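Student: Quick one: structure below, then a few questions.
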Amino acid sequence: MLSAVRRAIPLSARILRTSLIQRCAGATSAAVTGAAPPQFDPIAAEKGFKPLHSHGTLFKIERYFAAAMVPLIPAAYFIHGREMDLCLALALTLHVHWGVWGVVNDYGRPFVLGDTLAAAVRVGAYIFTACLLAGLLYFNEHDVGLTRAFEMVWEL
């Protein structure tokens, strides 16, 4: 029960409360002993809570995915077909979505834009991704396809 209560209190409030208590206690002991008050230890503070999710895992997946796209793009020049077109469309859409989502997370925060506009920008990123995927799939189905289009560009 205590751990559930501690998780309900934001980390910043717990750190602030702890540091205020330490400062008050340290001020009286420092006045008596002449020693400096204890310093905040961020490593010990991190051990006190468990994060809800890890951004590092998603970052690693994005980097591995980008590295896997390096041979995929030249392979699309040599291998034609619906499967390669679909694979390329999905890979490009996912890669662009992660890039746009990174920009939205950096610059489209509620602190910067306000709650309403920040929510609209986040929804807009998903709409942009859905339109991109729909457009690429439509191009693959009703036109020459991405692999053939790349070949036609290189023939220019």
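Here the Cβ of each residue, glycine as well, is placed from N, Cα and C on the backbone.
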Student: Do GLY81 and GLY145 share a side of the membrane, as Swiss-Prot has it?
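Tutor: Membrane side for GLY81 and GLY145, as annotated in Swiss-Prot: identical.
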Student: I need to check the long-range neighbours of the transmembrane segment (60-78): which residues 6 or more away from its ends have a CB within less than 8 Å of a CB in the stretch?
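Tutor: Residues 84, 87-88, 91, 94-95, 98, 146-147, 150-151, 154 contact the transmembrane segment (60-78) from elsewhere in the chain.
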Student: Sorry to bug you, but what's the C-alpha spacing from TYR107 (rhodoquinol binding site) to HIS95 (heme b binding site), rounded to the closest Å?
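Tutor: The Cα atom of HIS95 (heme b binding site) is 19 Å away from the Cα atom of TYR107 (rhodoquinol binding site).
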Student: Take the topological domain 'Mitochondrial intermembrane' (142-156) and find every residue of the same chain, 6 or more past its ends, with a Cβ under 8 Å from one of its Cβ atoms.
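Tutor: Distant Cβ neighbours of the topological domain 'Mitochondrial intermembrane' (142-156) are 76-77, 79-82, 84-85, 88-89, 136.
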Student: Quick test of the contact rule: Cβ under 8 Å, at least six residues beyond the ends. What residues does that give for the topological domain 'Mitochondrial intermembrane' (79-83)?
Tutor: 140, 145, 147-148, 151
